[in-house]
Amino acid sequence: MKPERLPDLLSRTSLLRLLAVMLLVISPHLLRLPAWESALVLSIAAWRGAAAIRQWPMPHALLKIALTMAIFAGVYASYGRVWGQNAGVALLVVMLALKLTELRERRDVMVTVFLLYFLLVTHFLYSQAPWTVLYLLLSTVAITAVLIDVHHAGHARPLPMTLRLSAQMLLQSLPLMLLMFVLFPRLPGPLWTLPDDAGGARSGLSDTMTPGDIGRLALSEEIAFRVRFNGAVPAPSDRYWRGPLLTEYDGLTWHADRRHAHAPTPDIKLQGPRYDYEITLEPTRAHWLFALDMPSLPSLPEGTRLGSDYQWLANEPVRELRRYRFQAQLQYQLQLDLPLALRRLQLAYPVDGNPRAQALARAWRAQSRSDEELVQRALRHFHDEPYSYTLQPGAQRADARSRIDEFLFESRRGYCEHYAGAFTYLMRVAGIPARVVTGYLGGEPNPFGDWYVVGQSDAHAWSEVWLAGQGWVRVDPTSAVAPERIDRSVTTARARRTNSRSAALGTLDWPALRYRVEATWDWVDAQWNGLVLGYGTERQRELLGRIGLGDWQSMLLALTGSVTLLLTVIGIVLMRRAAPAAIDPAVRLWQRGIAPLARYGLSQRSDEGARDFIERAQQQRPELADALTTLLRAYVDLRYEAEPGPDALARLRKASRWSPPRRRPR
């Protein structure tokens with residue numbers, strides 16, 4: 001049996017629809033691929049469309065082999081490998097486009113369609129937002145419509161009809177999908193991650209800090225986390241969200257201390273009002289969890305641990321939305337006794353650079369009677385001298401040995417990391433143990449919900465100094481330069497952009513409009529995160545426990561029973577739809593009237609009308625012409641006349657009772 005050829009199973013219109021759907025599916029990926037690969041994919045798709053219209057021959061096998069090898073080499077050159085998330089998706093996209101050049105059999109078309117389904121799912125590797133799901137549902141309808149076209153060999157059905165049928169099939173599958181989502185056991189780890197996810201943190205904050213790192217985040221509009229308070233809410237100036245601590249300094253970059261990561265957790269004394277809150281953290285691909293300074297809990301949240309520097313850490317990198325509850329008390333005494341090894345570490349600094357800064361710190365030490373007085377002297381210096389708080393401090397010299405001197409005595413322009421880094425350096429030179437703390441400051445309430453949004457633009461850096469009898473004390477030198485930064489979230493950059501748009505649009509209140517749109521979208525995003533993305537193992541166990549399905553055996557039994565019941569209902573509905581409808585009396589009598597012709601080897605074809613069939617039968621059996629003519633007239637009168645006579649049914653019933661003449665015995 002010959003294989004089914006493409007012209008017989010996929011019309012030109014259907015092939016062009018396949019190309020359009022492929023472009024729909026891969027279009028978001030094209031923005032992530034290297035330029036050469038996106039151009040190659042679009043070129044192959046354009047060539048295949050032209051070949052379908054102009055009937056061009058397909059390329060030779062040797063050319064396709066050479067192109068395949070070149071593609072593998074190009075992907076390897078771009079990514080350094082051909083596996084993993086980014087390289088794997090890139091290779092899949094371009095090989096799918098190349099598959100269009102060898103659509104020869106039905107199997108090739110089916111493989112292409114199923115590859116489209118698979119490629120569609122890979123979008124979840126990059127985004128799980130509500131709009132992504134909407135886009136995937138619409139794309140699923142489009143792919144299924146192509147699949148329907150494939151099963152109607154040789155001709156394309158009308159596009160509205162095909163899309164309507166595809167949408168109906170998708171809607172019919174939604175109950176089963178929802179049931180599986182609720183009852184199917186949740187995996188303990190995130191599903192939509194691959195080896196490429198092991199890279200740097202998406203949040204922007206990391207365990208290093210170089211001048212300019214946090215300043216660049218101020219222009220970001222991404223969300224770091226959302227927080228919902230249960231009761232009282234701290235003032236904006238008290239909302240310091242503690243993150244990575246940086247203790248080692250090489251003259252340019254501050255680094256986290258890895259040598260003492262497993263040291264004992266320091267003692268802490270907490271007092272003052274207690275704030276109860278819940279954080280929904282966006283994926284960071286890092287271990288640290290942000291908490292209000294200082295967190296207090298009788299027990300650790302599941303899957304977390306407390307670091308030696310009183311930083312909360314997750315046991316596994318945060319690769320999906322993470323929800324956790326904390327309590328906090330803003331008045332505390334942390335680590336009243338500082339071990340000698342940690343004291344040395346947090347007094348260390350490069351001695352062969354920044355001579356003017358070192359001289360300034362030593363002068364403060366000589367003029368101060370206590371460490372507390374020295375700290376206040378440093379803050380007054382930042383307040384009284386002409387320092388400015390800006391996102392654009394200008395370029396600094398490449399020589400790391402003079403970076404702090406240049407900032408303190410020449411440019412005097414910087415962002416929070418400049419002030420925190422310089423202050424910490426000065427304290428160490430003056431003999432006070434100090435370290436840099438990075439995290440977030442503030443948070444903006446959502447007017448449509450009961451939570452606060454902490455964005456990447458709220459990233460902040462401050463210092464901690466160790467004082468005898470007080471332990472580690474938070475000191476934010478930014479407050480001495482720009483106290484307004486402490487009282488509100490950083491929205492300066494966004495305000496500049498919206499104000500410029502307002503000027504261009506005249507009286508339209510663009511900032512207010514944009515704020516409401518962003519707040520509305522944040523509300524939608526938060527609901528989606530809570531109901532869908534946040535539905536993990538703990539939420540599922542809690543939900544099913546309320547209905548008595550807390551253990552896995554009960555869950556499996558409920559899942560099996562629910563799926564069986566749902567499939568049974570679907571089967572009954574489909575059987576009723578497939579059951580033959582009541583036959584028109586005219587059709588029933590017509591079928592009875594032509595039944596005797598079967599003994600002569602005559603039967604009506606599916607594409608043959610009543611008149612054509614009778615004419616064919618009369619040609620082969622002239623002796624039956626009169627009876628068949630009477631049958632045809634009675635049938636046409638009853639079935640097709642606008643107003644058949646009152647005796648039309650009786651005449652057809654009588655005509656259908658004819659019988660062929662009996663053969664005379666020889």
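Glycine is treated like the rest: Cβ placed from N, Cα and C.
According to TrEMBL, the domain 'Transglutaminase-like' annotation covers 408-479. Among the features that TrEMBL reports, transmembrane segment is placed at 9-27, 62-79, 108-126, 132-150, 162-184, 555-575.
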For the transmembrane segment (132-150): best-contacting stretch of 9-27, 62-79, 108-126, by Cβ pairs under 8 Å
9-27
What DSSP reports for the domain 'Transglutaminase-like' (408-479) is 23 helix, 30 strand, 19 coil
Can you tell me which recorded stretch out of 62-79, 108-126, 162-184 has the most Cβ pairs within less than 8 Å of the transmembrane segment (9-27)?
108-126
State the non-local partners of the transmembrane segment (62-79) in its own chain: residues 6+ outside its ends, Cβ under 8 Å from one of its Cβ atoms.
34, 36-37, 40, 86-87, 90-91, 94-95, 98, 101-102
The domain 'Transglutaminase-like' (408-479) [mean pLDDT, rounded to integer]
92
